[in-house]
Each structure stands twice: as structure tokens, then as C-alpha cells.
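Novice: My questions will all concern the structure given below.
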Amino acid sequence: VTITAKDMDNLLRRDYLDGVDSLAEFLQYNFTVPCNGVKGENKVECSISRVKVVVLYFRTDRQTPEISSVINEWERSLFDYVEHFEHPTLNMTVNSDAMIAREVRTNGLTCVPFFSFSVAAVVIFIFATNSREHFVFSHNVVMAILGIAGPLMATGTTFGFLFLFGVPFNSITLVMPFLIIGVGCDDVFIIIHAMRKTDKTESLENQIAETMEEAGPSITVTSATNCLSFAIGIATPTPAISLFCLYTCIAVAVDFVYQLTFFVAVLVYEEKRLEKMRKEEKKEKVEEALGRPKQVLSVQNSIRSCAGAHPPPANPNGIVSRYCRFLKDWRTRLTLLLILCGYWTASYYGCKTMEIKMDTTNLIMKDSPLNNIAWIYERYLWSEGQLVMVFVNNPPDLSLEQNQHEVLELVNRFETLPYSMGKNSTSIWLRSFLYQSSLYHNTKGFNGLLQEWLDDTEGGGARWNDMLRLKKTENGTILGVNKFMFATACAMGDDANWATRERLQKQWRGVAHEYAHFNVTVFQSYSFYIDQLDSIGGTTMSTVVWAAITMDLACLLMIPGINSILTSTIAMASINVGVFGLLSIWKVNLDPITMCTTLMSIGFSVDFTAHISYHYYRNPTSWTTDERLADALKSIGWPMIQAASSTVLCVFPLMFNTSYMIWVFVKTILLVTLLGILHGIIFLPALLLTSGDLNRLFGASDNVAPEKKPEKLGEISQASSFSSTNSETALVKKDDSTELKTMPQERGSG
């Protein structure tokens, strides 16, 4: 409990000091909750010229679950009392592990109200972009609702499944649903786009088969890489990161299953409804055509109808083909290379200057009362003095004088470390006992004298009972000291910063290690943050490297083309270096939250590179590089833009949240989406064109294994089976009959 004057001046003024004393008296003896506990007592004496802060430490002993429950109730009551505390001259704040946990939980829960806005925005977006495909109104509505249903079901299934098995909950996992909506809608756009390209004159079974042939590999590779990225994060030593990655990994896997089962299944029913509508519309059009001149109603040809031969590439006069020829121009690629060099330089600078920093205020809201405590700690406590708790868990036989000297030497080592406030700041029972033991006259030896001293409430050592754990017989006779603790203080002055705290903690633990036979452990209020600060750099680097290697292996299994793998790997590395570096320039420090978002960006970067690389790889090697690229962009370019846009819409409502933790996620998603779409549509295509030219120059092939030719008509080669086509089927009125006629387009010169 931290007490300051409202004018932040001297607390030794009579009215102010009386207020501190009465407040301490009230909290110590009169602030109660119903319990069967025993009250203790504590006395503090000062002689000092000026005091600005008084800190009251209340140590609790959770000996049994019942006592722990009472203490929890006491803490909650104290929080409420402090929150509504009013005094004419004093301010009061409170800090504890439970208080921090409560505020962090409150911070995470602030994103929940924004979730409904994200869902609504994505539903509207799916509806609007499907309208571009000239679907009927009712189909747009159904697809918008069904498209968001899968990710929502995956989110609910994940939480329910993990709660069922007792997996802990952390408020940071509440960001996961926003990510799953983005990942799930990515798959929805790809499936819908693939379904649109099928020949509607084919049976529904063939249409679904062609749709999954087209979309299946893409959504499989991205889902697999996202799962693997977060699976690696589960092994990180920081519990919050591990939990977030566990929840997200399972949610991505569940969403993938729902896309292949639930969404495809309901898509079948929706296509049956549309097929019925098309038949009725077709019947009306045929009846109208009987009384009119010959008309041609164009529909896209079936992919499987091209069995035995490669379909022609994209229309050479189309926008996509002209764009690819523009990228193939050496001046365009040189300009892009210069832009990339500037981008890589800025990203590298950001990576080098990113500061590793742990700050509790980043985990709480700006209006949290803990911000006031953090200010007091930074301004006064860390610079002017703070306690360090040392626990001796396996002390020697203290009835022996030699062992007493060794323990006191351990205490002295802590008192002489840099920034230590010395002997006068140390509270240890052994010194008081040895000093006062001469006042007692008995022949019971060390343990008997210790028992008498601890029972003396007047001038003895009763106040030290909380800092000792004794070995006793069944009748309560002391046999020795089982374990004990002592406290000493340090003051960092103007050097109070995270680097100094980290250095001090290493020195304390170094001394503790020298006395390993006593099983000495050290605790300080910011020890938890220092531990993460010490490991976050190495952990982040190793996790990123392993995640990147795993991504490459996963892509290699799905896209066994050397050219495609190398280019996509370079693009993924470029995206992630850019995200990391630009986050640093955007005033984001390296902490567990940033590590979470880094793993997220690694998984998401695959979405923008694997799609293009796979669709480029599957096209016939007999085509020119710009023809292969044009077909790839035509097949997956628009769904990628849809996915990127929907992902931004998912997190857009979170921009109105003031939480640092939430904003780090928002910044990361914005960066990975923007850089991903730029790399997927511009830089990666240019790199594929360049590598293709180099392959032809040196006579290399993109495929790991040579492409097999179909053995007979009706079989489809690996490359052609997934290729899109621009050939058309025409409904031609010929005299009084109607027939279907295939009208292939001419192949462009490339």
C-alpha cells in the first residue's frame, strides 16, 4: 500500500504524518473480513528529516486452502477500499500479484465488445465482394453468413475443448478470435473463387471435385504453416506466449477442418438451390431464343474437359497479362530492386535499434490505477530503495557457531553488493537473536533459547515468527530451523533502469549460487519481468529461425519446385524482417507481446507467398514465365486481395481500443497484411520472373521431378489438372435445336 501527499511534498508534516499513522493503524487492525485467523502486530519507527513515500508491506501466509480463500477475499476488499479511498491530505494506491492479474485480465476483456463489429464488417465485405462476381442477391447473403460461420464455430470449439481439459485461460488469448476470422475468411474466398470457375453444365459432384482440386492445396499449405508456426511458439518458456500459441494453433486446425467439412457441405446445398434457379432461368432464355436470331451465351469451360492437353494460358491482351509483361521489363525490375534495397535498409535499422524492455504498464489500460504505482516506483522506490527477499531453504544446524558465522557471511555478501543500502537496511532474525540471547538465562541450549525468545511478545523475537519455519516435535518443541528468509534493500539512484535491474539480479543470483548447499533463492518484485527480459531476445531469435525452417519444409512438401521454394522463402524473410523492423520504428519494444505477434506474422506471411508460388509452379513449364505468372495471378490474385482486406477489417474496430497490447497486434496485422500483399502481387512475381529467366539461361528446371505426360486421353497431367482456362463453351441456336460448342481462344504470343 503506497501513501503519498496529494501535493507530493513532505509527509513528516504533523497532519500528514498523523494521517499516515491512522491509516496504517486502520489497515493493520480495523480493516477486516470474517475469518478465523490470528491477528499479528507490526511497529515502525522513523527518525528522518524528509519522507515523500511510505510503503506498507503486508505479507500473507497461505497455509491452507481455507486461509488462502480468506486472504483472497481480504485482497478484493482492500482493492475496493483503495479504489474509493478519499482523504483530505493523502493519496493511497495498492499493488500485488492479484491486482496486476486483475488489471491485465480487464485489459484483455476490453477487446470483446469490438468483436461483434469485426464480424459485421467481414460479413458486409463478403457480401459486397461476392456481388462483384455477379452472383444473385440471395446467394451473396447466404455466402456471407456461411463464410463467417466456420471461423466462429472454430473459435467456440477451441475455447470449449481447451476449457473442458482444464487448460488455463489468459486474457491475451481473446485476440485469437480476430485472427481466426481473418484466416478462415481467406479460405472462404479461395473456395468461392474456385467454385465460380467451374463449368456449371457439369454435375455438382464434378464441380465440387474441381473446386477442391483448385482450392485444396492452397488452403492446406497455409493452414499447415500457420499451425506449425504457432505450434513452435507453444514450446516457448513464457507462459502467456505458450498459451496464446496453443489456443491459436488449435483454432487454426479446427477452422481448417470446418472449411473442408462444414463450409463445403453447405456450399453443396447452396449450389443445388442455385442449380435449380439456373435451370428455370435457362428454360426461359431458351424459350425466348426460339423466336429470335442466333445468340451465344458464354459460360466457362470445365477444367476436366481439357483432359489430355494443356489449356491455353491467360488472355495475352488482358489486364493481368499486360501487368506481367510490365513486370518482366528490366527497367521495372531494376526499379523494384532499388525500392527493396531501401526497404531492407530501413527494416534492418529498425531490427538493430529495437529495445528489449519489460513494462507492466504495457499490460494494463491507460486509466488503470497501476499506472500511478508504476510512476511512484520509477520516480522514488527503484532509485531510493527497495527490498530484496532472500530465502534460505536448507540452512545448516544453527546451534553450531561456525554455521552461524557462515550464514551471517551470506547476509554480508548481499549487503556489500553494488547499490546495496548496507547493514542498516537488512532485517534478519539471527542477528537480533544472537544480540538478545545474552538477556535470557536458561540452560535449554540454542533451540530452547530460540523457543523462549520467539514466544516473548514484549521485548523478544515474536515479531520474527513470520520469517522462520521451524522443525518441531508433535508436542511443539523446537528441534531446529527448517528454513528462513531475510530482507535487505538496494537503491539504484540515477542508474535506475531495466539494464541495472537485470545486472543486479544476476549478481544476487550469483551469490545465491555460491551458497547452493543452503538452497538459496532470491525474489524481488520485478524478478518475473527480469527473467523474461533476460531470455526474450534469444528465445525470439531461436523461435523465429525454427519457425522459418518449418515453414520452408511445409511449403516444400506442397510445392516441390526449387524455383518456387527459393523465391517464396526470400519473400517470407523479406516480409518478416520488414514487420519486425517497422514495428521498432513504430515505437514498439521487444517483449512477450511482440514475440507473440512475430510468430503470427511468420504464419501469415506464408499466406501471401505460398498461394502465388503454388499456382505459378503448377502451370506447364512449356509456357513462358509471364504466361505462367499471369495465370497464377488470375487464379489467386483476387482472393488474396479479398483475404487481405477482410483481415484489415477484422482488426479495424480494435483501433478504437487504447490498450498497448491490443495496438501491438493491430500494428503487426496491418504491417504483415500490407507488406504481404505488396510482396505477393508485386515483388514475388518480379522475383519469379527473374528466377525463371535465370533458369532458362542456365538450362535448369523449376520442378524437382520431371513432369509426366498423360498416358491416355482422359488422364490429366500434374500441371494441367490444376490449370485455369479461358476457353469458352457457347450455347448456339442452330435452326430449331440448341447445341453446346467449345470455342477455344487463340494462344497469345507471350
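Cβ coordinates come from backbone N, Cα and C, glycine included.
Copying in the features that TrEMBL gives for the protein in this structure:
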type: COMPBIAS; residues: 705-714; note: compositional bias 'Basic and acidic residues'
type: COMPBIAS; residues: 717-729; note: compositional bias 'Polar residues'
type: DOMAIN; residues: 111-269; note: domain 'SSD'
type: REGION; residues: 704-750; note: region 'Disordered'
type: TRANSMEM; residues: 112-129; note: transmembrane segment
type: TRANSMEM; residues: 141-165; note: transmembrane segment
type: TRANSMEM; residues: 171-194; note: transmembrane segment
type: TRANSMEM; residues: 241-269; note: transmembrane segment
type: TRANSMEM; residues: 565-586; note: transmembrane segment
type: TRANSMEM; residues: 593-616; note: transmembrane segment
type: TRANSMEM; residues: 636-656; note: transmembrane segment
type: TRANSMEM; residues: 668-688; note: transmembrane segment
Novice: Quick test of the contact rule: Cβ under 8 Å, at least six residues beyond the ends. What residues does that give for the transmembrane segment (668-688)?
Specialist: 179, 182, 324, 327, 332-333, 336, 340, 563-564, 567-568, 570-571, 574-575, 578-579, 582-583, 586, 597-598, 600-601, 604-605, 607-609, 611-613, 616, 625, 629, 633, 637, 640-641, 644, 647-648, 650-651
Novice: With contact taken as 3 or more Cβ pairs under 8 angstroms (pairs 6 or more apart in sequence), are the transmembrane segment (171-194) and the transmembrane segment (565-586) in contact?
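Specialist: Touching, no - the transmembrane segment (171-194) and the transmembrane segment (565-586) miss the threshold of 3 or more Cβ pairs under 8 Å.
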Novice: For the transmembrane segment (241-269) against the transmembrane segment (565-586), do we get 3 or more Cβ-Cβ pairs below 8 Å once near-sequence pairs (under 6 apart) are dropped?
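Specialist: Contact absent: fewer than 3 Cβ pairs fall under 8 Å.
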Novice: Is it the case that the transmembrane segment (112-129) and the transmembrane segment (593-616) touch, counting contact as three or more CB pairs under 8 Å in which the residues of each pair are 6 or more positions apart?
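Specialist: Since fewer than 3 Cβ pairs under 8 Å link them, the transmembrane segment (112-129) and the transmembrane segment (593-616) do not come into contact.
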Novice: So what pLDDT does the domain 'SSD' (111-269) average out to?
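Specialist: Across the residues of the domain 'SSD' (111-269) the model's pLDDT averages 86 on the 0 to 100 scale.
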Novice: Determine which recorded stretch among 141-165, 565-586, 593-616 has the most C-beta pairs below 8 angstroms with the transmembrane segment (636-656).
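Specialist: Looking only at 141-165, 565-586, 593-616, the most contacts with the transmembrane segment (636-656) come from 593-616.
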Novice: State the non-local partners of the transmembrane segment (141-165) in its own chain: residues 6+ outside its ends, Cβ under 8 Å from one of its Cβ atoms.
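Specialist: For the transmembrane segment (141-165), the nonlocal Cβ contacts are 119, 122-124, 126-127, 130, 135, 176-177, 180-181, 183-185, 187-188, 192, 246-247, 250-252, 254-255, 258-259, 262-263, 266-267, 270.
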Novice: Short question: which residues 6 or more past the ends of the transmembrane segment (593-616) have a Cβ under 8 Å from it?
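Specialist: For the transmembrane segment (593-616), the far contacts come to 172, 179, 183, 186, 190, 217-218, 221-222, 225-226, 228-230, 232-233, 236, 238, 240-241, 244-245, 248, 252, 362-363, 536, 539-540, 543-544, 547-548, 551, 554-555, 558-559, 561, 564-565, 567-568, 571-572, 575-576, 579-580, 583, 628-629, 631-633, 635-637, 639-640, 643-644, 647, 660-661, 664-665, 667-669, 671-673, 675-677, 679-680, 684-685, 688, 722.
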